Amino acid sequence: MSLMLEPNPTQIKEERIYAEMGLTDEEFAMVEKILGRLPNYTETGLFSVMWSEHCSYKNSKPVLRKFPTTGERVLQGPGEGAGIVDIGDNQAVVFKMESHNHPSAIEPYQGAATGVGGIIRDVFSMGARPVALLNSLRFGELQSPRVKYLFEEVVAGIAGYGNCIGIPTVGGEVQFDPCYEGNPLVNAMCVGLINHEDIKKGQAHGAGNTVMYVGASTGRDGIHGATFASEELSESSEAKRPAVQVGDPFMEKLLIEACLELIQSDALVGIQDMGAAGLTSSSAEMASKAGMGIEMYLDDVPQRETGMTPYEMMLSESQERMLIVVKKGREQEIVDLFEKYGLAAVTMGKVTEDKMLRLFHKGEMVAEVPADALAEEAPIYHKPSKEAAYFAEFQQMKMETPKVENYKETLFALLQQPTIASKEWVYDQYDYQVRTSTVVTPGSDAAVVRVRGTEKGLAMTTDCNSRYIYLDPEVGGKIAVAEAARNIVCSGGEPLAITDCLNFGNPEKPEIFWQIEKSVDGMSEACRTLQTPVIGGNVSMYNERSGEAVYPTPTVGMVGLVHDLKHVTTQEFKQAGDLVYVIGETKAEFGGSELQKMLHGKIFGQSPSIDLDVELKRQKQVLAAIQAGLVQSAHDVAEGGLAVAISESAIGANGLGATVKLDGEATAALFAESQSRFVITVKRENKEAFEKAVEAIQVGEVTNTNEVTIHNEENEVLLTANVDEMRKAWKGAIPCLLK
């Protein structure tokens, strides 16, 4: 498009062209008032993208303020590229999670790949070296050909980018439910390590300092990607493939090394990734955070397509690009540094004192807008909220224990449910050992990565049972945080903090906004009780297809500190003769459970309950026992209940089984999904010390029979299952469905 064809300010207003860009009538009137005139086409584009939900959080900010964001270890909370938490010895962990849902629904390979690329840039823009990747994925049922295609391509995209860039993908989760059929969720998390003195901010300080563009050249890909992420998917979304960016992991690898070298230079003032909204967000946010302005000369932007307009250059979301501010007079050092890596670094502007973002192109000023208006002054909406109609109905339901005829068959069927089944098909495509720091590989409760040069490790996990959150957003929100912490503890780590990715439907629908409010209330309470502040995250709204929303899915990414790698604990049984303990009581709680979904084809009723004080007490006891060397294996009891947890601990071991006795009604004892429960094994000689330290019930012992046998309290056998057969069923389920 040439400049001749761009509508003039009067046309933009009279023909409501701003509405096509995503601005409401009221918002356009606000822009007019801020500028004291009608905006031109480029300026309208700047406001439309910066005031989108994806960039401004205008619908979610009032809710996000409820999160606890401070703590004695928190060095950087929400507001920068990623959050930072102190781990002692002058070191810190940097991490964040983001969504790439809409792009992945349209172009799954590139959508997932660029989601990984973007989150890596957020972490190294803080000055940290990325050391691990995780992902949390949601798809429809694998029986659908479209879902199979999305699943295979998303996993290939994550693998393709992560493996090429040389950062191990060490963990995550994949869940399958019909509500994600047309709108998969792809949440990527990156974890990095940094020394305190190397922490950098995305701020443009110092009038007269130079603004430079580094990395890949700018094309027309991803224009309006942020606006696209702020609307519902529809049949016409397929036509928006151009809004999906294309990634180059080899370019990003060079960019990481160049930027980490740059961070050691005192010439650098500020650095930010050109993520959602590209040059617009990076320039406006860096200026606004520093209380400064920026002037940019767009003719100097490296362009890979001809005839690009200022509008296109400012809104492009081409990948592998960073905006940096350097001390005036030091530009050549930066050019030389990036040239060494074969990357472009060009001067394209300067920092000013007047807080304005000014853009020049072909000798003319093409935009003049207050930086704060773009970055900080988006309207904030307090959306109407209304309790979902189904909620009262579910709360009043009298829940009956599901009828199960054959316990062994039911266990095998549960092990083959895609949400429970082995995800080896997924993680075998990821290089999870690159950099040789991975201590606990995918498949256990949490991954653990060594902190080089120390005896410490970082435990990390992603968790969210969206079925519970759909049934009861507040309780489900508590459970999401508690389960993440439980997984960290089972791996020998002390939970530190969380990043979140709030995936919801259309916030303009009061029942959806109610889900958002309630789940954030639950998560906030859990974060306060478990002392895991929220240090950053991402909101992804409008996850709907043809008016049907996905389950509310506020994914929790948590990192914990393993104080000594000797404490690392995994879920599989270690040796015959060890004692098996269960911590926590089992109630007949089946709402949202894997058994309920399998038997009824839907979920209903009340979610499992949780008492956060009890949760904290149990986690502290388990962690102390692990740190005292009393624990052989630890596994959190989650989907599928105790029978599945015990089976998973046997499947992961070589030739070991277990004989256990469970009290209470058999179906609940085996398959209920009550919270705050652990399966722990302990050496016989540590029995007394363990029982003194932890409130736990001994239920049996590990055997070398290669069978799991579960009795009831009358000592009648409820089921006996061969571990090899279980392993085969559990490992074969997903590959079988993909055939």
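Cβ atoms here come from the backbone N, Cα and C positions, even for glycine.
Listed in Swiss-Prot:
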- His54: active site (ACT_SITE)
- Tyr57, Lys96, Asp500, Gly537: ATP binding site (BINDING)
- Glu98, Asn538: Mg(2+) 1 binding site (BINDING)
- Ser99, His100, Asn101, His102, Arg121, Gln245, Glu317, Ser318, Gln319, Ser540: substrate binding site (BINDING)
- His100: active site, proton acceptor (ACT_SITE)
- Asp122, Asp273: Mg(2+) 2 binding site (BINDING)
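Sequence features annotated in Swiss-Prot and their locations in the structure.
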{"residue": "Tyr57", "record": "ATP binding site", "contacts (Cβ under 8 Å, 6+ apart)": "Leu64, Val539"}
{"residue": "Lys96", "record": "ATP binding site", "contacts (Cβ under 8 Å, 6+ apart)": "Gly81, Ala82, Gly83, Ile119, Asp122, Val123, Met189, Cys190, Thr499, Gly536, Gly537, Asn538, Gly557"}
{"residue": "Glu98", "record": "Mg(2+) 1 binding site", "contacts (Cβ under 8 Å, 6+ apart)": "Gly115, Gly118, Ile119, Asp122, Asn187, Ala188, Met189, Cys501, Asn538"}
{"residue": "His100", "record": "active site, proton acceptor", "contacts (Cβ under 8 Å, 6+ apart)": "Gly111, Ala112, Thr114, Gly115, Gly118, Val186, Asn187, Ala188"}
{"residue": "Arg121", "record": "substrate binding site", "contacts (Cβ under 8 Å, 6+ apart)": "Gly81, Glu252, Leu255, Asp273, Gly275, Glu320, Met322"}
{"residue": "Gln319", "record": "substrate binding site", "contacts (Cβ under 8 Å, 6+ apart)": "Thr114, Gly117, Gly118, Ala216, Asp221, Gly222, Gln245, Val246, Gly247, Asp248, Met251, Glu252"}
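Classification of Asp122 (Mg(2+) 2 binding site) by DSSP places it within a helix. On a Cα basis, His54 (active site) lies 10 Å away from Ser99 (substrate binding site).
Counting Cβ atoms from all protein chains shown, Asn538 (Mg(2+) 1 binding site) has 24 others lying within 10 Å of its own Cβ. Whole-number maximum of the Cα to Cα distances across the ATP-binding residues Tyr57, Lys96, Asp500, Gly537: 17 angstrom. For the binding-site residues Ser99, Asn101, Asp500, the greatest number of Cβ atoms within 10 Å around a candidate Cβ is found at Asp500. In the three-state DSSP assignment, the secondary structure recorded for Lys96 (ATP binding site) is strand.
Neighbouring residues of the recorded ATP site, listed in sequence order and excluding Tyr57, Lys96, Asp500, Gly537, comprise Leu64, Pro78, Met97, Glu98, Thr499, Cys501, Leu502, Val534, Gly536, Asn538, Val539 (Cβ within 8 Å of the Cβ centroid). Take the CB of Gly537 (ATP binding site) and look out to 10 A: across all protein chains shown you find 24 other CB atoms.
Here His54 (active site) is positioned 13 angstrom away from Glu317 (substrate binding site), judged by their C-alpha atoms. Cβ neighbour count for Asp273 (Mg(2+) 2 binding site) (all protein chains, 10 Å cutoff from its Cβ): 29. For the substrate site listed in the record, the two most distant Cα atoms among Ser99, His100, Asn101, His102, Arg121, Gln245, Glu317, Ser318, Gln319, Ser540 lie 20 Å apart.
Ranked by how many other Cβ atoms sit within 10 Å of their Cβ, the binding-site residues Asp122, Glu317 place Asp122 at the bottom. Cα-Cα distance from Asn101 (substrate binding site) to the residue listed as 'active site': 12 Å (rounded to the nearest whole number).
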